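*Asks:* Quick one: the structure is below, questions incoming.
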Amino acid sequence: MQEKEMFDLTIIGGGPAGLYSTFYAGMRDLKVKLVEYNKELGGKILFYPEKIIWDVGGMPPTTGRTLINQLVEQATTFNPTICLNEHIVRMVREPDNTYTLFNEQGKAHYTRAVMLASGHGIPVMQKLEIEGADRYEVSNLHYTVTQMDIFANKRVLISGGGNAAVDWANELANISKEVVVCHRRDEFGGHEKNVEQMKSVTKIHTPYQIKELHGVGSAIEAVTLAHCDTGEQRQIEVDAVIVNHGMKLDGCFLIEAGLALEEDGFLRVSACMETSQPGIFAAGDVTRHEGKLQLISGAFVEGATAVNGVKQFLDPKADKQAYVSSHNEKFKKKNEQLKQEKQAQLMN
């Protein structure tokens, strides 16, 4: 029989909002659990680990992978419970006003409050809908770019027209032998200056889409493109194919939970980031509200605000927010450890 361990707060979603909220919940002395659908933490940033992020306050330009690593290290400061590879599909409010969360396998998580930090839902890359395409995924068919250097001196075809496709094309043009971009529309959805740059350093085929993959064994050697209006076909030789056709987002859990949504489908929240259900809070891309800041930094603020809301929901007499870390007793011992480590490094 499963032991019923109760947590103060269970956070669903391990992206920037969920990770920072996990850290801040530790500052608020909450017993916290973080549940993530994927096998590793990081959220949507996992799809673009080599993209450079400039807009996190106080940090120099850094890659998505580096930012994830730092957020994970920070999130584990107070030893939270972290569960990976778990898809929460049902939430039940119990008679004592606690919540029981169930994953796909029926495993239960018991909690006094919930924070939804799952973005627009579970992100799944849109795969190429061509028969037999999956057999090339082990070699040179890619749905994201995790290492730029594997495309060095290669002929690369990129299918897609959004920001990610445009950015990858510009980056790879610096190291690849040739970059070809195909898009089913004449216009690209990326930023105008980036699109102009892409057109100057790559070969563009519009409006074309991938019709057929040609390969030997598990590797693609050529691709047939078809004109979206006339059907005219052309074949190009390639060493690698990158497909970026957007993501499917599974957000049905929010609807089934009976939470109030805005007209655009995002969660409606109060000033303290509480949803329409008592004890259920939210932060990050899953929410919309007046003054919403669409930056990673905004997710941090919403996460901390939501945790403060949780703290007062559980204990109305609690302080409205935590003391800043520079004057917080919780960090006194940790600061001493850091000083000792720094002194030891200087002595060596």
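Cβ from N, Cα, C; glycine included.
The FAD binding site feature in Swiss-Prot is assigned to GLU36, LYS44, TYR48, ILE88, PRO123, ASP285, SER326; the stated evidence is sequence analysis. The annotation region 'Disordered' is assigned in Swiss-Prot to 329-348.
Surface or core, plus neighbours and distances: that's what I need for these features.
*Replies:* DSSP assigns TYR48 (FAD binding site) to coil in the three-state reduction, outside any helix or strand.
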*Asks:* If you draw a 10 Å sphere on the Cβ of GLU36 (FAD binding site), how many other Cβ atoms land inside?
*Replies:* 25
*Asks:* For the region 'Disordered' (329-348), find every same-chain residue at least 6 residues outside the stretch whose CB is under 8 Å from a CB in it, and list them.
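*Replies:* Result: 26-27, 77-78, 323.
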*Asks:* What three-state secondary structure does DSSP assign to ASP285 (FAD binding site)?
*Replies:* helix
*Asks:* Which site among ILE88, SER326 has the most other CB atoms no more than 10 Å from its CB, taking these as binding-site residues?
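*Replies:* Answer by Cβ density within 10 Å: ILE88.
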*Asks:* Please report the number of other Cβ atoms within 10 Å of the Cβ of ASP285 (FAD binding site).
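*Replies:* Excluding its own Cβ, ASP285 (FAD binding site) sees 25 Cβ atoms within 10 Å.
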*Asks:* Can you count the other CB atoms that lie within 10 A of the CB of LYS44 (FAD binding site)?
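*Replies:* Its Cβ has 15 other Cβ atoms within 10 Å.
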